[in-house]
């Protein structure tokens, strides 16, 4: 059979499977309201611009409903645009909405089946999350050691910001990556060319691209995973083959390094060495190597990339809103007197700095549409039908940019959290996911971001860059494409606030 005939046969089979999906699930109740689509492809074109979170809010307003739906190649997507809808399904009906859908591109082809963030809800997910919680969550015996690591590496960040302020993004990657690598693998990062930081950056970027809703049809049309790589439309397989190499290297390379040190008897205290030591002294069956390796990679991959994005947003906000920066510095000066750097013991006495962190998370949420949940069984909500297997998204961006909750939501204004202490907290409403699938490492991430923001504000002034004519350059609020909202690169000026601030920056050099 020639390739043209084979193509016709394969696509005919896929069409039959699609028709079975379309007509296989029926209900007397309607789906939630949806924008108009096209025959066969449905709303596929609405996913093309990487702005579904913004469009979904627009549709929600037009329909005067906080729940909307999309149909893409016969697959149903449900988008929840309010904290009430999110709580009703992801919290109150967690048993039906804590699963993840099949994501062939990321899981099957790129090979991210090791991360419990994407695992199906069940015993394997629970085991991986339990091990993570036992070692990384605050309140455990390792909490003070975590903060010691964060403080020490934050001091390094200040030195890097002074030495090369124009390379703030590389400095932030060094900071967040070093904390995770030290805590997880006992690895010391020397400079920005560290191979493990470069590796996680490349691997995370590939996954961010792959996770965009509708970016790869195989996620909406899983039958496509069976077509051969040379077949028309199978370019995704070739791309995934290259990305899989990054995934495998990210899982194995730092683990092999840490295990090698442990076997030689010179391992530093870290997650991997703690697990391996636990296995040596365990009376019964210890943790499998796969479980240790997988859990370490989750911390390595998730912690570094999202925290970098948030801290870059912080730098952007301070560049654009100097009055906010001055207010935070006044709070810090009143407490510290310019004589020392902040530490975690100061947190309760720096409410405005904490408000800045909340506003950064609200203004540009790292995961605007979060990761989709899956309806295990067919369900009804508000008189609408939700079919089994539907992708169910919590639209964090729509929730955190709702003008009925946050006045003037496009403006960066931390004062809103000071003026109204009961205002919806972004930390608990989408920034770290929803329900039982909320990010397990959020406490460590929040500490990493808070101490960096407080320390930078204590000793640096951040302002707009100027062009060759001396005119200020106002950076646009522009995001790079991908699932994770990274601010596009922008120039700014970062310089010590004073001679006393410079002495604090260089005191440990």
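Note: Cβ is positioned from N, Cα and C throughout, glycine not excepted.
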Next on the checklist: Tell me which of 4-24, 25-45 corresponds to the transmembrane segment entry in Swiss-Prot.
Outcome noted: 4-24
Checklist entry - Name the residues of the same chain, 6+ apart in sequence, whose Cβ is under 8 Å from the Cβ of residue 439 (heme binding site)? => result 117, 302, 432, 433, 445
Next on the checklist: If you count other C-beta atoms within 10 angstroms, which of the glycosylation sites 96, 279 is the most crowded?
Outcome noted: 96
Next on the checklist: Return only the integer: C-alpha distance in Å from residue 279 (N-linked glycosylation site) to residue 96 (N-linked glycosylation site).
Outcome noted: 35
